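To start, the structure under review is shown below, and the notes come after it.
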Amino acid sequence: MFSCSVRIHLKALARFSGLFWILSDRCGVSEEVKNEGINWTATGTAQIALAIIATTASLYLLRSIFIPSMLAIFLAYVLGPLVKLVSHRIPGTPIALPRPLSVTIVVLLFIALLGVLGILMSYEIVAFLSEIPMYEPQIADTVSHARAVIAEWQIQLEGLIDPIRPQDGAVEDFTPDTEEQIRVLLDEGNTAWWSSVTGYVFGGITSVLEFTGQFLLCIFVLFFVLLEGPVLKTKMINIMGTTLRKRRLMLEIMQNVNEDVQRYLFNRFVTNLALAGVAWLVYSAFGLKYALLLGALAGIFNFVPYVGPIAGTVFPIVATYMQYGDWWMVLWVMLAYGAMTGIEGNFVTPIVLGRHLKLNSLAVLLACVFWGWLWGPIGLFLAVPIMAVFKAMSEHIASIRPAGELLRG
């Protein structure tokens, strides 16, 4: 029943993709229409606006299908070269593994790798949670000190506002001493503070479970995408190409787009994996107890441009302060993290990807905002790959080439 449901989802996705390619072929791929202008009539503009609204609504309402499907497609681009490598003939023998067996081996190895990393990270998470009671006095002192400072700032601010505040005579002039006000503010805020912390914790757990469930579904979809990818490609070419010339043109476009997207996604995956490894070594050199967990988080958060590296600083800061209680050590760890992400973002990634696949910074930021609003945290991770796919398509489809120029970095 589950595999049948996955096949239905794949067929729906294939039909959607086929329709998109048909429209692309009719709107801009053919040589006859490359030089035609766009007639921006009121009716045409309204139709485009309605199409955008309908597409956005469909992506939101069917997100339980589109999210794992998108993840599966992007993972297929990353794992596709491995499937080809395994499918090649065994050296010195005429034996070549069939594609179903090759796909099974690659997917199982991928699951095994995730399992090993998950087990190693779970050990560190359990160890971290078990040591939290040891750091409770330190955490309580830090929180109390921070709240006391904030309360004192609030009182000083009220003192500045009081001389200009309207006096109607109805309010009793009562000003207790500063220490009493701080104590009252701390007592009143304890319950609300712990309630908010509990809400954030349960909200985070729910988000993690939802992400994990969709990722597990993605694994099953990934298997069928890798298995039936060549068949779907052939069918799409046959459907969209009514003549031999159009079929050759469509085959060339699909090959170029696949190469660009595969290069982008594979290199991003490798660079972030390398960043996670380097972060693990650096954190180990600082003597942090949870270096493996912190390194993995650094690699994961780096998939989200701009916001991810900034949010990723929270974990090493907290871990370093809890372990050492020294702000100078925290500063050194922050500088090391900033150096790693800065070198990766400004030197390694531009060299690896090249100018051809570089994306516009403003467009990337807006894409993260849109897809994060539409699909939540997972949308932040999918925003840049989706943009990379669209940009690669715009390089070879005339009708969307102007939009691709806007995305060029």
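Along the chain as shown, the residues are counted starting at 1.
Keep in mind that glycine also has a Cβ here, set from the backbone N, Cα and C atoms.
In TrEMBL this protein carries:
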TRANSMEM  60-80  transmembrane segment
TRANSMEM  101-123  transmembrane segment
TRANSMEM  200-227  transmembrane segment
TRANSMEM  269-286  transmembrane segment
TRANSMEM  292-315  transmembrane segment
TRANSMEM  327-343  transmembrane segment
TRANSMEM  363-390  transmembrane segment
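Looking at which of 60-80, 200-227, 269-286, 292-315 has the most CB pairs under 8 Å to the transmembrane segment (327-343), the answer is the stretch 269-286. Contact between the transmembrane segment (60-80) and the transmembrane segment (292-315) is absent: fewer than three CB pairs lie under 8 Å, with pairs separated by 6 or more positions in sequence. Distant neighbours of the transmembrane segment (363-390): 56, 59-60, 63, 66-67, 70-71, 74, 207, 211, 214, 257, 260-261, 264-265, 268, 303-308, 357, 400, 403-404, 406-407; these residues of the same chain sit at least 6 beyond its ends, with a Cβ under 8 Å from one of its Cβ atoms.
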